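These features come from Swiss-Prot:
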type	residues	note
TRANSMEM	14-34	transmembrane segment
TRANSMEM	59-79	transmembrane segment
TRANSMEM	95-115	transmembrane segment
TRANSMEM	125-145	transmembrane segment
TRANSMEM	154-174	transmembrane segment
TRANSMEM	179-199	transmembrane segment
TRANSMEM	213-233	transmembrane segment
TRANSMEM	254-274	transmembrane segment
TRANSMEM	292-312	transmembrane segment
TRANSMEM	328-348	transmembrane segment
TRANSMEM	363-383	transmembrane segment
């Protein structure tokens, strides 16, 4: 394993713990006398005005749409490296997380509809348990440090990216009231320019980031989830140049400390503050939250593991190197952490309806995601090899 990957794993082990602590602090603040301070912090208005461009959003949305685009940029860089020359290199290995992600979206949605399909209003939330919160899932996995094989972590990253792309498409098709075709057109032109730069072997990272910033603004203005820009830019930055430099690896190395120690903990703090005020036991056990929780905790692993197993047995795909099905199952449970992406879909699905629907949706998401995190972490501890000890070379 290269030095950069070793450092990457060390950073995430510490960063994962910080992320969990940040989430716990947010949950405590949202359900205490500090709730007002917590909400005021998230509502701080932040505006950027450059000529005719005017973007004004509360701090929460800058964190979710802006800082998280940087996180997805790093994820895109790593997944591209593994697809090109790592554990996912080759068509039969690359298709494996795609098939798993498909199962991980279908099964939770079907289970949710078993609970809520008869109700015309709650039926609209069918996509809520289809999402995976890549940041929280990665943070929980990172608690196990270097026990996690690189291939398994990359499988989670690739699966979660495909899952997120699927959810973004679902949001655009079913939950977006208005899409700006003009902004999407400019975004398409920016993507074409990035692809051309990659084809010509442009090695200046700053050039990709500048075009990527334009792409981010256009996707944000279009009404589609802006973090998609980060993944696209990550895939377009060259892995190697003709002079044997690696712009991709250099950028990944530079951004990782910021992502692990600042962006992800801040994201967790901003999104984990779910208020439990006014919650009743009867409401908590109603069909809406139970459908969501069951979809996340049961549907996710059922869909991911079943589709993965069938793909391998039918010869459609191959397991990543040094990975077994016990580990795949543990990761599939971890993918039941829907959290922020699920909350985002719930806010769209029940917009303009009874506020109680959104509240109990969030509680179902919290219940399912927390259960998936605890059980997924416990299973990973059982199925992963013992912690590797550092060897001093004299």
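We number each residue from 1, going along the chain as drawn.
Each Cβ is built from the backbone N, Cα and C atoms, and glycine gets one as well.
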Other same-chain positions with a Cβ less than 8 Å from the transmembrane segment (59-79) and lying at least 6 residues past its termini are 8, 41-46, 88, 134-135, 154, 157-158, 161, 164, 212, 216, 220, 225-235, 237, 248-249, 251-252, 255-256, 258-259, 263-264, 266-267, 270-271, 340, 344
Listed stretch, out of 14-34, 154-174, 328-348, 363-383, that has the most CB pairs under 8 angstroms to the transmembrane segment (125-145)
328-348
Looking only at residues six or more beyond either end of the transmembrane segment (363-383), which have a C-beta under 8 A from one in the stretch?
128-129, 133, 136-137, 140-141, 143-144, 148, 274, 276, 279, 283-284, 288-297, 300, 324, 326-327, 329-331, 333-339, 342-343, 346
Would the transmembrane segment (154-174) count as touching the transmembrane segment (95-115), i.e. at least 3 C-beta pairs under 8 angstroms with sequence separation of 6+?
yes
Using Cβ atoms and a strict cutoff of less than 8 Å, what residues sit near the transmembrane segment (254-274) while being 6 or more residues removed from its termini?
7-8, 11-12, 14-15, 18-27, 29-30, 38-39, 42, 59-60, 63-64, 67-68, 70-71, 73-74, 135-136, 138-139, 339-340, 343, 362-363, 366
The answer for the transmembrane segment (14-34), taking Cβ pairs under 8 Å and residues 6+ beyond its ends, is 135-136, 138-143, 259-261, 264-277
